[in-house]
Amino acid sequence: MSDENENGRPGGRTPMTLKPRQGSVSAGVVKQSFSHGRTKTVVVETKRTRTHAPASGNLAAPSSAERRHGEAPAPRPAPPQGGGGGSAGGLSQEELRARQRVVDAAREAQARQVAEQAAAEARARAAQEAAQREAAAKAAAERAAAAPPPVAQAPAAPAPAAPVTPPPAAPQAPRPVAQAPVAPSAPRQDAPRQDTRAAAPGQTRTYEPSRDRRDDRPSTTTYRPAPQGDRPFNQRAPRPDANANFGQRAPRPEGDRPRGPRPDGDRPQGDRGGYRGDRPQGDRPQGDRPQQTVRYSALAPRPAPGARGPGGPPRGPRPGVPAAAPATPEIQRATRSAPRPGGGAMDRRPDEDDDRRKNAAPNKAVSRVKGAPQRREGRLTIQAVAGDGDSADRMRSLASVRRAREREKEKRRGGAVEQARVAREVVIPDVITVQELSNRMAVRGVDIIKFLMRQGVMLKINDVIDNDTAELVATEFGHTVKRVSEADVEEGFIGADDHDEHMDLRPPVVTIMGHVDHGKTSLLDALRSTDVAAGEAGGITQHIGAYQVRLKDGQRVTFLDTPGHAAFSSMRARGANITDIVVLVVAGDDGVMPQTIEAIKHAKAAEVPIIVAVNKMDKPGSDPTRVVNELLQHEIVVESLGGDTQLIEVSAKARTGLDNLLEAILLQAEVLDLKANPDRSADGVVIEAKLDKGRGAVSTVLVNRGTLKRGDIVVAGSQWGKVRALLNERNEQLQEAGPATPVEILGLDGVPSPGDAFAVVENEARARELTEYRIRLKREKSMAPVGAGASMADMMAKLQDKKLKELPLVIKADVQGSAEAIIGSLDKMATDEVRARIILSGAGAISESDVMLAKGAGAPVIGFNVRASAQARALAEREGVEIRYYAIIYDLLDDIKGVLSGMLAPIQRETFLGNAEVLQAFDISKIGKVAGCKVTEGVVRKGAKVRIIRQDIVVLELGTLQTLKRFKDEVNEVPVGQECGMMFAGFQDIKVGDTIECFTVEEIKRQLD
């Protein structure tokens, strides 16, 4: 019976709970441990019994001693439903008095029935005892024949309860009962019972919980009223005097009754049970009682008191215990309405109980109805707490039960309501993993994978997808997309353009360009009144220099001196890109040269105006007209010919024409209207960089806009640092540098590359972010060619590269620009057969780490305008590493070119001598085959190379003519028309008709172009 069915009834059970009961129930906690490692804490409830005095009027259940002596138990008082304050039994005084009146009426009715029943019982007792003994003996004989068990003393058969009479009387001595051996019974088949409610309408059955535990099983046996009618007299217990009253009966001794040896197997059935109507007469069904599995659930209602269990009949009073007195309708109503002291219903209606027990299958355990919710099974009992394995296995935790209830509620509601998706702005970088995308979208990764699978893309949770695919997924899930890139860190590095109202005039930046040895540096020295050219190695400029000249009128002009050698093409290009005006220096006696043409191309590419300075006009033979005509071939039209290019004749040595040159520069700057904003953060370009032993990384920069100050945080390429010092070209300390000012800055953590842009950033975090991104980008670019080459053409190119000879080199230069120029020149020397492979290049002195790196690669160390430290020199001597020093780039490139030329394979050149034809082949013992030949063309020479041709097929290539004889004499040469004998080294397959071609091979050494 479910909790819902009982809630509306007056005597219905209340829902079970694991909470400790109040009042008469004490609770404790017991911790269970299982073999599989789980532990469980259960609540143990112990009901405290309460004893009541007989004279108080509280008609509680009689004690076990009274029940043993055959007294009819009085109806149990029904406590009030409200549970308010009452007597000790839970009833108010008015209810107790009403209850007492009902009980007194019942006693009077029972007294009247005693006299009528006594005579009938006496007559039927003898016959019934005889029939019972005969049936018991027959059943015992049959069971003993099947499986003889040990014989034990049978318990006394129960007798019907004796009627209680009001007058007191002495208790009657118990009558001895015959004993018979009892064997395990067969499965009991319940005989059909008759409903006796029609015959005895005034009789009802009242259930009382048993207080006497006679075995270890949890008993739910209840007291039932004694059925009317005859019962076998031999099953009665010793009964007291019929005239004895409740208070006059002898008290029943406390404790369990003395037991004899318990018979093995199942006890005989049929001797227990409540009132079931008139029992059919005859032999009792034989067989053992069916074994039934009783399963209790903590969520299901408990069996009603008096119910034996699911699928089994209710138990009646124990043998020898009198049944309760028949109750009147008032007692029936009071009993039904009275709840159990511990909560819950105390009894069930007899008709429903009997019908349910009668229709239940005897061998079928209680199971869950198909489709019904699976509830928690297991019952909190002493057996479960004590370690009963079956009960412990059936127990489930309270949290599990709660989760099951939640699932049941969700099923009844039609399933959990799916949470509405919230549209978000998803930031998507260039590449992103599926896991990261799911986190940003707040969706499950498996949902994204399913969507991609429907699109035909099979991915795992850690796979990387591009931003286009990620945008498609995010849009499909209803989110908005914001695409970002790692390159976004570069945004704002160089500030926006300035407004005109913030602009001020700035000095012009002039780059001196031209061919080598045309007097560029000498001209700049004349303008600066210095002598820089005298201190240069080889009389040539190998570094880009930056100077600022202050004129007589206070104006300033910034000059950049670029090298004129072919190796410094990148420097010239860099100078053209950062300059405002290009001064093209052309020697009057030499004219336009290759580097002059290159400078013109750089200036045109940078869209920079050109001023032509014809130098060396003091030398005889200088012809400016020749220079003008040669410039016309390269689209340079001077003003004298109607063009816009100024041409100035100067002499750096005689210092003539310098003022005209400065005037032309200022005029061109005025036309350009050069302006910049000094009141902003500085940015510019790195002109040159080097590594100084005492000062560290030194970078020469040109400020384009803003003002660079000491203490600013500067990012230049992949290097950053705080400006510790600002130096001009005269090594003077500066506090700040304005627009178009070249300065040297100290404080960077490394040497930047020439041509890198620099700018001042707001903090160190921003500087680190920029440099880390640039370093990562550079590393990815350097590693990119490793994974290339998936096509067949690339694979063939790799196979050819394996035949390529390489010259490993470690190059250290004084400045980064010089190292860059050397590497560029070496790359131009490379051919399909040889090339120079740069292991390391940089600016600074040669260190021990450079020597060890060169030793591992088997490479020499090239020092350009630098020297090795003492420790590095000693290490190089011990390890056998060659160090070469150079001060002029010509010498360095010539030596490397010679080494690469020596690595080229020499050319094999053949010189034809003559042909001969084999006329006869002789096989001579101990010598081998000898060819008898006739020279048909030219001469044949001993020791020359031969090629044997047979039917237009070469059968011997590059053989050697080992022996040449004329008759019996060995000769060195046989001319045309004569016969001779020939023998070849390592070749015996000579046949008549073969053609022998004789020639010489000469090796020619190759040179790089």
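Placement of Cβ uses the backbone N, Cα and C atoms for every residue, glycine included.
Under the three-state DSSP scheme, Met617 (GTP binding site) falls in the coil class. Spatially close to Met617 (GTP binding site) yet at least six residues away along the chain are Gly588, Pro624, Glu649, Val650, Ser651, Ala654, Thr656, Gly657, judged by Cβ distances under 8 angstroms. According to Swiss-Prot, the feature GTP binding site maps to 514-521, 561-565, 615-618, an assignment based on sequence analysis.
Positions annotated as compositional bias 'Basic and acidic residues' by Swiss-Prot: 94-110 (among others).
The compositional bias 'Low complexity' annotation in Swiss-Prot covers 111-121 (among others).
The feature compositional bias 'Basic and acidic residues' is assigned by Swiss-Prot to 122-136 (among others). DSSP places the residues of the compositional bias 'Basic and acidic residues' (122-136) in helix, strand and coil in these numbers: 15 helix, 0 strand, 0 coil.
Residue counts for the compositional bias 'Low complexity' (137-146) under DSSP, split into helix (H, G, I), strand (E, B) and coil, are 10 helix, 0 strand, 0 coil. The compositional bias 'Low complexity' annotation in Swiss-Prot covers 137-146 (among others).
The compositional bias 'Pro residues' annotation in Swiss-Prot covers 147-174 (among others).
Swiss-Prot lists 175-189 (among others) with the feature compositional bias 'Low complexity'.
Annotated compositional bias 'Basic and acidic residues' per Swiss-Prot: 208-218 (among others), in sequence order.
Here Swiss-Prot flags 251-287 (among others) as compositional bias 'Basic and acidic residues'.
What Swiss-Prot records for 311-320 (among others) is compositional bias 'Pro residues'.
Summarising the annotation, Swiss-Prot assigns compositional bias 'Basic and acidic residues' to 346-358 (among others).
If you look up Swiss-Prot, you'll see 403-415 (among others) marked as compositional bias 'Basic and acidic residues'.
Positions annotated as domain 'tr-type G' by Swiss-Prot: 505-675.
Residues or ranges marked as region 'Disordered' in Swiss-Prot: 1-415.
Under the heading region 'G1', Swiss-Prot lists 514-521, citing similarity to another entry as support. The region 'G1' (514-521) scores a mean pLDDT of 82 in the predicted structure.
Per Swiss-Prot, the feature region 'G2' maps to 539-543; the stated evidence is similarity to another entry.
Around Lys520 (GTP binding site), taking its Cβ as the centre, 27 other Cβ atoms fall within 10 Å, counting all chains.
Neighbour density for Gly514 (GTP binding site): within 10 A of its CB lie 28 other CB atoms from the protein chains shown. The Cβ of Thr562 (GTP binding site) has 30 neighbouring Cβ atoms from other residues within 10 Å, across all protein chains displayed. In the shown protein chains, 18 other C-beta atoms lie within 10 A of the C-beta of Asp517 (GTP binding site).
According to its DSSP assignment, Thr562 (GTP binding site) is coil.
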